[in-house]
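Novice: Here's a structure for you.
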Amino acid sequence: MSELVMDSAFFGHVLQDMGALIEKERDYLTGLDSDIGDGDHGINLSIGFREVNKQLDELLTVSPDIATLLKKSGMILLGKVGGASGPLYGSFFMKCGADVPGKTEVNFDELCGMIINGAAAVQHRGKAELGDKTMMDAFLPGVEVLQNRDTNADPIETFSAFVDAMHAGAQSTIPLIAKKGRALRLGERAIGHLDPGSESSWMLMNVILENLKKAV
C-alpha cells in the first residue's frame, strides 16, 4: 500500500491543470476532429472545463469531499460539453467520484480503482470495444496496466506506465477504420487519422501524472 495520499485540493489542482491543457491544445484537438468528426472536440472540451474552473472555488468550499467535487464536475461536463465527449467524460468523472463517497483523501490504490471504474463507465456509456477507433483504444490498454500493477511498485512508475500505455493506444487508432461515432461514415477514409477522443483522454490522464509527481 502506497503512502501517497491525495486530498480535495489535489483534485482541484488537477481540474485546473486539465482546463489549462485543453485551452492550450484546443485548436490541435479540434483539428483532429475536423479530419474525421464534427470539428468541435477541442472547442467543446474548452467550454466544459472553463465552466468547471469557473465554479471550482465554490465547489471546493461547498463540497470539500473528493466525491462531490468530481461528481459535480462531471455533471458540469455532461451539461456543457456538446457531442459525444460530454456524456463520456461526464460519466468518467461522475463514476470516479461515486467510488469514494464522503472521502477527503484517497491513496494511490484508491485512485487506480477510481480510474479503472471511471473508464468502465465510459465504455458502458459509449458501447465501444478495443479497435473501434475511440477513446477506449487509449483507456483499455491503460486500465490493463493498472489492473495488473505491482502494489509494491513505485506509484509514479506505475502511473507513468499507465499513461504510456494510453498514449500508445491513442497512436494505435491511426490505421483503424472507425466503428463508432461520426467517423464511422467515412469508412476507409478514416484510416491515417488519429482519433481525437483517444488523444484527449491520454493527455488528461497525463495531467494527473504531473500532479502526482508534485505530490511525492
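Using the three backbone atoms N, Cα and C, a Cβ is placed for every residue, glycine included.
Sharing the features that Swiss-Prot gives for it:
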| type | residues | note |
| --- | --- | --- |
| BINDING | ASP33, ASP38, ASP40 | Mg(2+) binding site |
| BINDING | HIS41, GLY42, ILE43, ASN44, ALA84, SER85, GLY126, MET135, ARG182, ASP195, PRO196, GLY197 | ADP binding site |
| DOMAIN | 9-210 | domain 'DhaL' |
Novice: Looking only at ASP33, ASP38, ASP40, which of these binding-site residues has the biggest number of Cβ atoms within 10 Å around its Cβ?
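Specialist: Counting every other Cβ within 10 Å of each candidate, the maximum falls on ASP33.
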Novice: So what pLDDT does the domain 'DhaL' (9-210) average out to?
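Specialist: Within the domain 'DhaL' (9-210), the model's average pLDDT equals 92.
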Novice: Can you tell me how far the Cα of ASP38 (Mg(2+) binding site) sits from the Cα of ALA84 (ADP binding site), in Å?
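Specialist: Roughly 10 Å, rounded to the nearest whole number.
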Novice: Since the record lists GLY126, PRO196 as binding-site residues, which of them has the fewest other Cβ atoms within 10 Å of its Cβ?
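Specialist: So among GLY126, PRO196, the binding-site residues given, the one with the fewest Cβ atoms within 10 Å is GLY126.
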Novice: Let's check the environment of ALA84 (ADP binding site): how many other CB atoms sit within 10 Å of its CB?
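Specialist: There are 21 of them.
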Novice: How many neighbouring Cβ atoms, not counting its own, are there within 10 Å of the Cβ of HIS41 (ADP binding site)?
Specialist: 28
Novice: Do you know offhand how many angstrom separate ILE43 (ADP binding site) and ASP33 (Mg(2+) binding site) by C-alpha?
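Specialist: Checking the Cα atoms of ILE43 (ADP binding site) and ASP33 (Mg(2+) binding site) gives a distance of 10 Å.
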Novice: Could you say whether, by DSSP, ASP38 (Mg(2+) binding site) belongs to a helix, a strand or a coil region?
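Specialist: For ASP38 (Mg(2+) binding site) - judged by DSSP and reduced to three states - the answer is coil.
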Novice: I'd like the Cβ neighbour count for ILE43 (ADP binding site), meaning other Cβ atoms within 10 Å of its Cβ, all protein chains included.
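Specialist: 19, counting other Cβ atoms within 10 Å of ILE43 (ADP binding site).
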